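Chemist: Reproduced below are the annotations present in TrEMBL:
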type     : residues : note
DOMAIN   : 1-162    : domain 'Neurotransmitter-gated ion-channel ligand-binding'
DOMAIN   : 170-279  : domain 'Neurotransmitter-gated ion-channel transmembrane'
TRANSMEM : 165-187  : transmembrane segment
TRANSMEM : 238-260  : transmembrane segment
TRANSMEM : 344-365  : transmembrane segment
Amino acid sequence: MDCYFRQKWLDRRLAFDTFGNRNDLPISSKMLNDIWTPDTYIRNGRHSYLHTLTVPNVLFRVRHDGQIHVSQRLTIRSRCKMFFKKFPMDCQACPIEIGSLGYFSKDIVYVWKDVELDSKMSNMLAQYQLLHVIKTSHNWTDPHDNKLNISVLKVYFKLQRQQGFYILQIYTPCTLIVVVSWVSFWINKESSPARVSLGIMTVLSVSTLGFSYRSDLPKVSHSTALDIYIMLGSVSEILFSSCFGFVFAAVIEYAIINYVNRTNIRKKVSKIRISSKPLMPPRQRTSLHCKKMTPDSKLQSNRNLFTPKQEHSMFHRIAAEASEKVKIKNPTNVVSRIDSAAKIAFPSLYILFNVIYWLAFLYWIPDEINTLI
């Protein structure tokens with residue numbers, strides 16, 4: 001953060017009589033080394049520095065009653081504890097703590113005067129919108145001596161993350177992938193390659209989309225709001241569902257109807273008798289009439305009438321006849337009743353999921369920073 005850090009204190013030793021219309025005097029910043037100044041520092045700062053181009057950016061004035069005004073242009077980089085459970089609908093509160101390095105509250109007390117914000121500051125933040133500023137003051141107990149207190153000023157900058165990027169780059173593509181996965185419900189159940197390929201493509205697309213945005217986030221152990229929407233944060237969230245859950249369920253739905261369809265055909269095969277069409281080659285039938293056989297030898301010969309290849313061909317022929325009869329007896333079986341139910345259930349559940357999701361994370365679930373400020 002780039003700011004003008006202004007301090008005022010009273011030192012009677014620097015008081016002087018007014019002359020003319022001058023109530024204060026501008027003095028070179030080099031004179032600060034010759035007077036007493038508070039040892040103010042940023043308690044949670046990581047890397048802060050004073051601007052020195054082209055000269056040290058310091059304003060030093062002394063009023064006739066001894067009040068000293070020092071203004072410095074600083075760039076402050078401080079630590080900010082962030083919460084990502086509601087990401088990207090999260091709010092963050094980044095504090096700056098100001099205090100004395102060597103003086104206690106009996107020696108020096110810090111008091112806020114005002115915090116002025118640049119009107120263009122909100123437009124300078126690409127991902128955040130500055131909501132407001134919260135000022136607080138504390139007297140903290142010295143951890144090394146319980147009888148001594150430290151005067152500390154604290155200011156919170158409450159920031160709201162902008163969701164436009166995530167809606168365009170993640171939420172909208174994820175929703176479109178889920179809608180594409182529903183196309184498989186309108187594809188004939190006999191077209192296994194088409195339905196399986198579509199299911200695998202949508203699952204891989206959602207997985208890639210879910211892992212791609214993670215590279216911009218710190219490695220957190222808990223799930224975020226975006227995790228719940230795209231992938232799955234935990235076992236309990238599988239029941240709550242997500243984009244990945246809906247896409248994966250579409251693949252499982254086809255596996256179920258494929259299993260049910262094949263089970264029905266096998267049941268029909270077991271009930272259908274072998275038709276009157278000759279299943280044996282004519283050459284083998286002729287050889288049976290030319291040879292005299294006993295009852296025992298006849299039974300043994302009938303077992304050797306079909307080779308394994310012929311038996312395999314016969315089974316597929318019977319299965320095909322059973323399948324055709326199933327279609328003729330029940331024309332609605334071409335479009336499975338499971339598919340018909342999925343065409344209604346999946347869109348309805350997905351709309352309900354979105355309604356609950358957006359209401360929960362925008363209005364119902366409180367911000368985690370409320371425990372801080």
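Count begins at 1; order follows the chain as displayed.
Glycine is no exception: its Cβ is also placed from the backbone N, Cα and C atoms.
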Chemist: Across the whole of the domain 'Neurotransmitter-gated ion-channel ligand-binding' (1-162), what does the mean pLDDT come to? Round it, please.
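Modeler: It averages 91.
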Chemist: Do you know the DSSP helix, strand and coil residue counts for the domain 'Neurotransmitter-gated ion-channel transmembrane' (170-279)?
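Modeler: Its residues fall into 83 helix, 0 strand, 27 coil.
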